[in-house]
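In what follows, a single structure is set out as structure tokens and then discussed.
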Amino acid sequence: MKKFVLMAGGTGGHLFPAMALAQELARRGHAIELMTDHRVESYGADFPAQAIHVVPAATPSIRNPVKFVSAGFKIVGGIWVAFGMLGKIKPDAVIGFGGYPTFPPFVAASLRGIPGILHEQNAVLGRANKALGRFADILAMSFPDTKFADALNLEKVVTGNPVRDRVRAVAGTPYPPLDGQGPIRLVVFGGSQGARAISEIVPAAVALVPEALRHRLHIVQQCRAEDLDQVAEVYRQAKVNVELATFFDDLPERMARCHLVIGRSGASTIAELCVLGRPAIMVPLPGSIDADQKNNALFLEAAGGGWIAEQATLSPQSLGTRLTDLITNPATLPKAAAAARSLGQLRAVEKLADLAEMLAGKGTTEMEHTP
Ligand SMILES: CC(=O)N[C@H]1[C@@H](OP(=O)(O)OP(=O)(O)OC[C@H]2O[C@@H](n3ccc(=O)[nH]c3=O)[C@H](O)[C@@H]2O)O[C@H](CO)[C@@H](O)[C@@H]1O
């Protein structure tokens with residue numbers, strides 16, 4: 001039995017791949033602890049860790065000098081706290097999943113000489129992983145051509161982005177029949193936190209779908225608490241069958257039953273679409289550093305598994321027309337579903353767990369390590 005500390009930023013996009021690895025390592029009989037931030041309360045309920053540690057962390061803003069200095073103190077404090085914790089836990093290896101809360105504990109692990117893997121979920125190397133490159137032994141990547149990865153001088157392995165057991169359990173679900181009469185199931189969500197733009201545009205677009213088709217729609221839509229009433233009202237007026245919630249714990253099962261997903265293109269969203277084989281209209285988060293979501297979405301679109309709809313040019317009219325075209329053209333969606341499935345990396349979690357075991361097995365003395 002080995003002991004691992006996983007480190008992940010607090011949104012679903014970082015925590016869920018860490019959860020997938022924790023589930024696999026636990027199956028293999030290893031002990032796991034997690035270091036993260038306070039948002040673990042929202043997304044970490046099923047995390048199979050023996051202990052969850054909230055470590056001080058901050059993201060420095062260059063625009064505000066006061067905030068920059070206070071973030072610096074917080075990061076140094078986080079390194080100090082994590083250094084103490086790691087001294088007691090004594091893990092054989094650490095695995096970081098990106099997000100600013102991974103920076104202090106990963107640096108602390110390196111200072112203690114503990115070997116470490118960084119996992120990048122996106123098609124573009126994130127800022128925390130970029131900064132942590134010199135403290136790691138291996139970079140595990142989800143995409144073969146991860147942008148900016150070449151700048152890091154360390155061993156690189158393409159593992160794919162691990163998905164949770166809950167997703168793997170329904171991965172074999174066949175694409176549901178799409179005939180001219182039955183229900184058409186849509187799942188709509190804006191990443192782990194919801195997205196206002198999706199809440200504004202999707203219901204208005206659905207309301208423009210011709211009535212005969214609209215009445216066949218069964219929509220499951222996640223939306224932010226502050227958007228719920230407005231979204232419910234638009235669907236009520238359009239007489240659409242809809243289920244709304246701020247977060248669906250059973251989203252993977254619902255995705256497996258659906259014909260089409262509309263949403264953002266965060267890394268786990270893309271990994272799940274591929275493993276489940278479901279097509280998507282993807283609205284990448286605009287304005288994100290290095291356009292990670294756009295690059296994730298391009299990967300699926302290039303394979304024919306989905307369509308990018310840029311938020312800047314998206315309107316209820318354009319989305320309504322696209323939706324109507326897709327559901328009146330019965331061959332298109334199953335074809336895109338098959339293309340998405342061909343990209344699915346069901347074995348990502350085993351590959352990453354093998355890598356973690358390999359690194360833990362080598363022990364700190366055998367590893368060439370840069371503190
Ligand atoms: C705004 C932001 O910071 N976005 C980043 C964040 O995305 P974000 O945290 O939104 O994460 P992803 O899109 O990667 O994953 C969303 C996850 O939430 C789950 N889910 C969502 C809604 C719901 O009701 N139930 C549910 O279970 C999905 O199944 C999926 O597993 O991390 C990703 C991975 O680094 C990045 O690609 C994104 O750019």
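A Cβ is built for glycine as well, from the same backbone N, Cα and C atoms used for every other residue.
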(request) Check TrEMBL: it lists THR11, GLY12, GLY13, ASN122, SER192, GLN293 as binding UDP-N-acetyl-alpha-D-glucosamine. Then name which of ARG164, ARG254, ARG257, ARG322 it lists for that same site. (result) ARG164
(request) May I ask which residues of the same chain, at least 6 positions away in sequence, place their Cβ under 8 angstroms from the Cβ of GLY12 (UDP-N-acetyl-alpha-D-glucosamine binding site)? (result) TYR43, GLY191, SER192, GLN193, GLY266, SER268
(request) Can you check which residues sit near GLN293 (UDP-N-acetyl-alpha-D-glucosamine binding site), meaning Cβ under 8 Å from its Cβ, same chain, 6 or more apart in sequence, and list them in order? (result) ASN122, ARG264, SER265, GLY266, MET282, PRO284, LEU285
(message) Among THR11, ASN122, SER192, the binding-site residues in question, whose Cβ has the most other Cβ atoms within 10 Å in this structure?
(response) ASN122
(request) Would you mind checking how many other C-beta atoms are within 10 angstroms of the C-beta on GLY13 (UDP-N-acetyl-alpha-D-glucosamine binding site)? (result) 27
(request) Reduce the DSSP letter at ASN122 (UDP-N-acetyl-alpha-D-glucosamine binding site) to three states and note it down. (result) coil
(message) Mean pLDDT for the domain 'Glycosyltransferase family 28 N-terminal' (4-137), rounded to an integer?
(response) 92
(request) Write out the long-range same-chain contacts of ARG164 (UDP-N-acetyl-alpha-D-glucosamine binding site), meaning residues 6 or more apart in sequence whose Cβ is under 8 Å from its Cβ. (result) PHE16, MET19, ALA20, GLN23, ASP46, PRO252
